[in-house]
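According to TrEMBL, the feature transmembrane segment maps to B:21-40, B:64-83, B:95-112, B:118-139, B:200-218, B:247-265, B:300-321, B:327-346.
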Amino acid sequence: MELTLAILLTIITAATPLLLAATGELVVERSGVLNLGVEGMMIMGAVGGFVMAYLTGNPLLGIAFAVLLGMAMALLFGFLVLTFATNQYATGLALTILGLGLAALIGEGFVGRAGIRPPNLYIPGISDIPFIGPLLFGRDVLFYISITLVAGVMWFLFRTRQGLTLRAIGDNHHSAHALGIKVIRYRYLAVLFGGACAGLAGAHLSLVYTPQWSENMTAGRGWIALALVVFASWRPLRVLAGAYLFGAVSIGQLHAQAIGIAIPSQALSALPYVATIIVLVIISQNRRLTMINTPASLGKSFVPDR
Amino acid sequence: MIRVELLRRDNPSRALRLLSPLIGLSLALITGAIMFSLMGKNPAAALYVYFIEPLTEAWSVHELLIKAAPLILMGAGLSICYLSNNWNIGAEGQFIMGALAGSIFPVLFTDFQNPMVLPLMFIFAVAGGALWAGIPALLKARFNTNEILVSLMLVYVAERILDYLVRGPWRNPGGMNFPESVRFHSYARVPEIMPWDGRANLGIVIAILVAIALWFMLSRTLKGFEVKVIGASPRAGRFAGFSSKGMIFFSFLVAGGCAGLAGIIEVAGASAQLRPIISPGYGFTAIIVAFLGRLNPLGAIAAGLILALTYLGGEAAQISLQISDKASRVFQGTLLLYILACDTLIHYRIRFSRKPAAKGIEQAAASSEQQPPAAERAV
């Protein structure tokens, strides 16, 4: 029981940054924009969150600053891709390269310092319920944000007029434009939302998951988040399931390493990446499912004719 | 509020096609100067140390050529991928797997020492890199799996294979337990061009020859035409009878082979052994090389030299000006962003228009109304 609880807790912790970043990217991709810069926005969130929390002693300020930096990176991406109609693939890659470099530069003086973890929620009585209490009612603020975000995005995309409009833009930006919808404005907002989420994910890494800063600490999680969106075939609930599945895989390999299973540790640590590939293959085999859900304008530039 | 509008040109601008990389480079240099002054350094001195000083001494020109060789090879190979709309971003992994495949001979068969070793190493390295690139190609062609994500994930896998080998079975038994392989014997080394002058080896010559060959293929053969047609319009390619699946394999295998060759040139050249980390991100910098070279293998030669300079200048600036070597990565990132923005100028004119204030306010109100509720919650 104790061990199960401990494992479940770590799985939740490992899954939360993936869930945050993937939920944001899902909205971006639903609007027809492919932002491959998740990794770069996430690492900027990680360094920004850590540095701000370290300097002010307030982890909540750190989280806010992480969101701000994530959005600043997203704005840069949006300006190039939406206003300048640059190639989305290459621009996303550039954003990742820039983010990794910039974060390494900013965080250089902070390597090895102890980070400041935001306090866990504690509701007297409820958080004391055995098992369920600590599992669900005693977590950090970002866990609750991640769950709320999934619910909010589901509601927004499938229950509001603006959500419908956003999905319409993602499916056919020319028709949406012809109907008088502000394609570029919607996309800016979606991209900024994605940046905010990636910033939150980064803050989770450097404040909650491992409260410290180290270079390249995102370790490809931004890319796994991108894969999760494909895996989830652009549905928020499936992103939730996928994130927890991946959390379980990465925690499972850590436990296997700790027990000392006679497999090289490198093979185990490669597992999340191999699992990503396998899952992508399985999903893409089902062409019908992919065809129905893929936003048809995904990755294509749009220049409004006036 | 000032709006930016894009107006499509009737014909792509010829002048800008040539100038856009130069404009991008100049803008990146200006940004770099601002960054240096923000860091409290003299920007002129910093730019001198970065981009001029390494060219003033023979030994550092040699170092430049050593760093440029893998960048040119991979940048030229990736150009083929990107031209044909195949997004291989895992050259770093293909570089590592090429280096490993080529190193089989000097590491495992240490007694096999004759002039045949080096050519065999090259062949194995090309095969190793191409096979690793073949995985995303196969998955894309067969299952329509996203090649961007697969090729990138395989970078992390390749890094772990290298780490396992140099810490485990391939570790030098007489190496004081350091995680490194045996030093390569002299038959397994890429010969230096002018040993009396500096360390530069034949790698740079090979890289330039490969780039020229790829340029010839692209501009003078049917295969090159096929690359460009499929990249510009897969539909047109189908009408012409070109196979886009075949092109997936062709472009990935060429780029992977180039990356593998770059890998063996790196380890059998300057470093002469395998270590847990054999590349300072060459595979990712090569993406910038490809774009700075305007996806032209000849352009990749110049672009490779320029980006090699940022590595070398970064090292020099760290020593003489105490500027973090991370600054060069920031410079590389901004450079790519500027190049991409400048590429837009080839096809579009930019018009800045000022909107009437009243309308601006109205729009601001409308936009805050339309903001997705989820976005508000996140902030």
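Each residue, glycine too, has its Cβ placed from N, Cα and C.
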Using a Cβ distance cut-off of under 8 Å, indicate which of B:118-139, B:200-218, B:247-265, B:327-346 has the most pairs with the transmembrane segment (B:64-83). B:200-218
Candidates B:21-40, B:95-112, B:247-265, B:300-321; stretch with most C-beta pairs under 8 Å toward the transmembrane segment (B:200-218): B:247-265
Which residues of the chain, 6 or more past the ends of the transmembrane segment (B:118-139), have a CB below 8 A from one of its CBs? 86, 88, 90, 93-95, 97-106, 145, 147, 150-151, 154, 158, 187-190, 248-249, 251-264, 268
Same-chain Cβ contacts of the transmembrane segment (B:95-112) under 8 Å, 6 or more residues past its ends? 70, 74, 120-122, 124-129, 131-132, 155, 158-159, 161-162, 165, 170, 181-182, 184-185, 188, 256-257, 259-264, 266-268, 274, 278-279, 282-283
